[in-house]
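Engineer: Before I ask anything, here is the structure I am working with.
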Amino acid sequence: MSDGSRLILALDLVDVGRALRMAQDISPHCFAIKVNWPIILHAGPQIIREISRFSRVICDLKLADIPNTNRLIVERVRELGAWGVIAHSFVGQDSLRAVVEAAGDMKVFSVVAMSHPGASDLLNRFHDMLIDISMKAGVYGFVAPGNNEAVLRQIRARAGGMKIISPGIGAQGGDEVSAVAAGADYVIVGRKIYQASDPVKVAMEIDQRLSMML
Ligand code: O7M
């Protein structure tokens, strides 16, 4: 794991052996590794503990439940050693606050806008309200689209100095340098890295491009 890196690897592989090897090979070049349902369902929740031995792990469950259920899930994620956890904010302040309270030292990132085209149907029209709900709940940072500069800039303006992590790079059309220029602190990258013929090389290139912006 690299403290100075602005890259977060999205480890959405379903081949568990390959995922673990890739996590180990790329961890020196990224700030954190994000695990989502695909790898957790294939490998089991212990994958969080396993990767936490050598990297920060952000557990991307996109929690969106009532406060009690959110709390029960987050307590388990915390026991497994994750560094961060991701929750939806549209469910409201009480549900999100339950995540923050159960998280303890874990960082909580809330989703305030998304990167896929359908996000404009509903979610991305409400990012200001979702930021306000998230701030009142006490989150550490936000998830905002790295492939939608207009929305990302608006979110950065409202978010002040809070951390923003941004997916949508590569396979979803975004560019890592443009995303950071528009306000992302970290970019989340999956397929552009793990589908490359040389994933470590691509991860190093992204890391280097972003470090030149500092
Ligand atoms: O780089 P990709 O497109 O292969 O993968 C992007 C990752 O980011 C993948 O794990 C998605 O689930 C996640 N993601 C989005 O692509 N868009 C969003 O709006 C939000 C997320 C995300 O990480 O939310 C926490």
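Using N, Cα and C of the backbone, Cβ positions are placed for all residues, glycine too.
In case it helps, TrEMBL gives these features for our protein:
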ACT_SITE  Asp60  active site, for OMPdecase activity
ACT_SITE  Lys62  active site, for OMPdecase activity
ACT_SITE  Lys62  active site, proton donor
ACT_SITE  Asp65  active site, for OMPdecase activity
BINDING   Asp12, Lys34, 60-69, Ser115, 167-177, 190-191  substrate binding site
DOMAIN    6-206  domain 'Orotidine 5'-phosphate decarboxylase'
Engineer: Using C-alpha atoms only, work out the spacing between Gly174 (substrate binding site) and Lys62 (active site, for OMPdecase activity) and round it to an integer in Å.
Structural biologist: 21
Engineer: Counting only residues 6+ away in sequence within the same chain, which have a CB under 8 Å from the CB of Ile66 (substrate binding site)?
Structural biologist: Val91, Ser95
Engineer: Around Asp12 (substrate binding site), how many other C-beta atoms are within 10 angstroms of its C-beta?
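Structural biologist: So the number of other Cβ atoms within 10 Å of Asp12 (substrate binding site) is 16.
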Engineer: For Ser115 (substrate binding site), what is the tally of other C-beta atoms lying within 10 angstroms of its C-beta?
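Structural biologist: So the number of other Cβ atoms within 10 Å of Ser115 (substrate binding site) is 22.
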Engineer: Out of the recorded positions I have (Asp65, Ile66, Gly174), which ones have their Cβ sitting under 6 Å from ligand 1?
Structural biologist: none
Engineer: Just to verify a number: CA distance, Asp60 (active site, for OMPdecase activity) to Asp12 (substrate binding site), in angstrom, no decimals.
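Structural biologist: Spelling it out, the Cα of Asp60 (active site, for OMPdecase activity) and the Cα of Asp12 (substrate binding site) are 11 Å apart.
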Engineer: In angstrom units, rounded to an integer, how far apart are the Cα atoms of Ser115 (substrate binding site) and Lys62 (active site, for OMPdecase activity)?
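Structural biologist: One finds 14 Å between the Cα atoms of these residues.
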Engineer: Around Asp65 (active site, for OMPdecase activity), how many other C-beta atoms are within 10 angstroms of its C-beta?
Structural biologist: 17
Engineer: Compare the C-alpha of Lys62 (active site, for OMPdecase activity) with the C-alpha of each of the binding-site residues Asp12, Gly170, Gly190, and give the closest one.
Structural biologist: Asp12
Engineer: May I ask for the distance between Gly190 (substrate binding site) and Asp65 (active site, for OMPdecase activity), taken between their Cα atoms and rounded to an integer number of Å?
Structural biologist: 26
Engineer: Sequence gap of 6 or more, Cβ distance under 8 Å: name the residues on the same chain that satisfy this around Gly170 (substrate binding site), in order along the sequence.
Structural biologist: Val189, Gly190, Arg191, Lys192, Ile193
Engineer: I need the CA-to-CA distance for Asp65 (active site, for OMPdecase activity) versus Asp12 (substrate binding site), whole Å please.
Structural biologist: 23
Engineer: Could you please provide the mean pLDDT value for the domain 'Orotidine 5'-phosphate decarboxylase' (6-206)?
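Structural biologist: Mean pLDDT for the domain 'Orotidine 5'-phosphate decarboxylase' (6-206): 98.
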